[in-house]
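Chemist: Handing you this structure, nothing more for now.
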Amino acid sequence: MPLSLGAEMWGPAAWLLLLLLLASFTGQRLAGELETSDLVTVVLGQDAKLPCFYRGDPGEQVEHVAWARVDAGEGGRELALLNSKYGLHVSSAYEGRVEQPPPPRNPLDGAVLLRNAVHADEGEYECRVSTFPAGSFQARLRLRVLVPPLPSLNPGPPLEEGQGLTLAASCTAEGSPAPSVTWDTEVKGTASHRSFTHSRSAAVTSEFHLVPSRSMNGQPLTCVVSHPGLLQDQRITHILQVAFLAEASVRGLEDRKLWQVGREGAMLKCLSEGQPPPSYNWTRLDGPLPSGVRAEGDTLGFPTLTPEHSGTYVCRVSNALSSRDSQVVVDVLDPEDAPGKQVDLVSASVVVVGVIAALLFCLLVVVVVLMSRYHRRKAQQMTQKYEEELTLTRENSIRRLHSHHSDPRNQPEESVGLRAEGHPDSLKDNSSCSVMSEEPEGRSYSTLTTVREIETQTELPSPGPGRAEEEEDRDEGIKQAMNHFVQENGTLRAKPTGNGIYINGRGHLV
C-alpha cells in the first residue's frame, strides 16, 4: 500500500529527475552527442545563430535545452530555456533579443537566434541539453562579433611646389579586429602607420608624405581599408591640390604677315598655368594701351593695325602663390617693308658664299683634271719624239756605217771611221777612243763619242765559228799596227817616221 501510494505520488518529472541524478552520479552518458560549432562569427548589427543539435538513438526525446553565457572569470548568466512542452523562456537581460529559428523546427534542435548582435555579446556560451532516457549533455562555443571599420580621410596642410617632405593626407580606421590601411596612388611618396588598441576595438592611422610638384596636381590619392567584416574593401579618394605657377609666355607674333598696317584680327595670347588658376593683366611699357586695344583675360586683341600699335607689351600672370611676367615687342610694318619682300642679307650672303665655294671647288677639280691630262699628253709626246729622234739617229748612223763598209775608198780624207767591235778593220780597246780630225770640217770629240755609242748599241751579227782564224789574224795585225802609234791623253798619235801612213794588206789604219 505505501509503495503503491508512493508510486502514485511520483509523476513524470520525478522520474526524469531521478534519471538525471543517476546519470550525474555514474558520470557516464547513456547515448547520443551534441553537434555545435567552436566559433561563431557575426558582423555587428546582424543576427547570430547559436547552434546546438542533439544526435541520439531513435526514440530518444529532448526534454529541454538551457543556454547560458559563461565568460572566463564570471558566473553563468542564463540566456534562455527551451522546453518541449512549455516552449521558450528568455531571461530579462536578453528579453526581445533571443528567438527560436523560424519553422519548420526539429525537436532535437536546440539552436537559438541572438538578434542584432552588439560588440558586448562577444564571449563564450554553453548549451545544456536534457534528454530522455539518455540524460543530459552540454557543449560550449565562442561568439565573435566583427566590428567593421568606418574609415575617414583627412587632408594635410596646403601643398606648394618647392616644399620639402610634406603630409598629403592621413587615413584612420577603427574596428574589431584591427583593420588594414593601405594607399593606392601613382604619386611617389612614403606611408607610415600607427595603431591604438582599446578594450573592444583597435584603431589604425596611416599617413602619406610626399614632396609637392606641379605634376602631382590633380592626381588621386586613395585610402584602402580591408577588414573581415567588410564584403569588399572600402576606398576613400582624395584629389591632390598642389599650388604652383608656371612661367608665362606670349604667342601671336609667329606669322609676321598679320602684323602689317591695315590688317585686322591680330591678337596676343598669354600662356601660363597654375593652381589656383592665375589671373592676367596686360600693360604697355612706353605708355597706356592704344585706343581700341582690348584685354580679355589671357588675350589682347587689336583693331585695324596702325604704326601706333608698335611697342612693348607685358603680360603679368598672378595667383595666390606668385606672379610671372612676359613681354614681347610688336613692330607693325608697312606692306612695302614686309618681311616677305625684304631681302635677308644674311641668308643671301650665305647662299652666295656657298655657290661661290661650290664653283671654285668645281673649277679646281676641272683644272686638276686638265693639268693632269696635259702633262700626261706632253710626256707621251716627248717620249714619242725622243723615240723618233733616236730611231732616226740610229738609221742615219747605220746607213753611214753601211756606206763606209761598202766602199772604203769613197771615204773622205777628213773623216775618221770607227768600226764596230768584231769588224776586221777596227781597233779593239777596253777604253773609249777619241780621234781628233785635223781637217777644217772635222767632227768634235763629243760627236764621235755619240756616234760610237749609237753604233755600239746597234746590234751587229757576231762572227761565227768559221771566222776564228780571221779573228786571230786581225788581232795580230792590230798588234803590229800598234807598234807605229803612241797613246797620249787618251789619243792615238803616229810615231815620228818618214812616212806617217802605215799600210797593211788587210786594211787601212790611221
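Yeah, the Cβs are placed from backbone N, Cα and C, and that goes for glycine too.
Model, not experiment: these values are computed from the prediction.
Straight out of Swiss-Prot:
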- Cys52-Cys127: disulfide bond (DISULFID)
- Cys171-Cys223: disulfide bond (DISULFID)
- Cys270-Cys315: disulfide bond (DISULFID)
- 32-144: domain 'Ig-like V-type' (DOMAIN)
- 148-237: domain 'Ig-like C2-type 1' (DOMAIN)
- 400-475: region 'Disordered' (REGION)
Chemist: If one measures from the C-alpha of Cys223 (disulfide bond) to the C-alpha of Cys270 (disulfide bond), what distance in angstrom results, rounded to a whole number?
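Modeler: About 39 Å separate the Cα atoms of these two residues.
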Chemist: Across all chains shown, how many C-beta atoms besides its own are within 10 angstroms of the C-beta of Cys223 (disulfide bond)?
Modeler: 26
Chemist: Measuring Cα to Cα, how many angstrom lie between Cys171 (disulfide bond) and Cys52 (disulfide bond)?
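Modeler: Each residue's Cα considered, Cys171 (disulfide bond) and Cys52 (disulfide bond) end up 42 Å apart.
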Chemist: List the same-chain residues at least 6 positions away in sequence whose Cβ sits under 8 Å from the Cβ of Cys127 (disulfide bond), in sequence order, or say none.
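Modeler: In sequence order, the residues whose Cβ lies under 8 Å from that of Cys127 (disulfide bond) (at least 6 apart) are Leu34, Thr36, Leu50, Cys52, Val65, Ala66, Trp67, Gly110, Gln138, Ala139, Arg140, Leu141.
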Chemist: What same-chain residues, at least 6 away in sequence, bring their CB to under 8 Å of the CB of Cys270 (disulfide bond)?
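Modeler: Same-chain residues close to Cys270 (disulfide bond) (Cβ under 8 Å, separated by 6 or more) are Ala248, Ser249, Val250, Tyr280, Trp282, Asp298, Thr299, Leu300, Cys315, Val317, Ser326.
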Chemist: Just to confirm my parser: what is the rounded mean pLDDT across the domain 'Ig-like C2-type 1' (148-237)?
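Modeler: Result for the domain 'Ig-like C2-type 1' (148-237): average pLDDT 95.
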Chemist: Within 10 Å of the Cβ of Cys315 (disulfide bond), how many other Cβ atoms are there?
Modeler: 25
Chemist: Taking helix as H, G and I and strand as E and B in DSSP, count the residues of the domain 'Ig-like V-type' (32-144) in helix, strand and coil.
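Modeler: Per-class counts: 6 helix, 60 strand, 47 coil.
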Chemist: Count the Cβ atoms, other than its own, that fall within 10 Å of the Cβ of Cys52 (disulfide bond), considering every protein chain shown.
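Modeler: Taking all protein chains shown, Cys52 (disulfide bond) has 27 Cβ neighbours within 10 Å.
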Chemist: Ten-angstrom check, please: count other Cβ atoms within 10 Å of the Cβ of Cys171 (disulfide bond), all chains counted.
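Modeler: Around the Cβ of Cys171 (disulfide bond), 25 other Cβ atoms lie within 10 Å.
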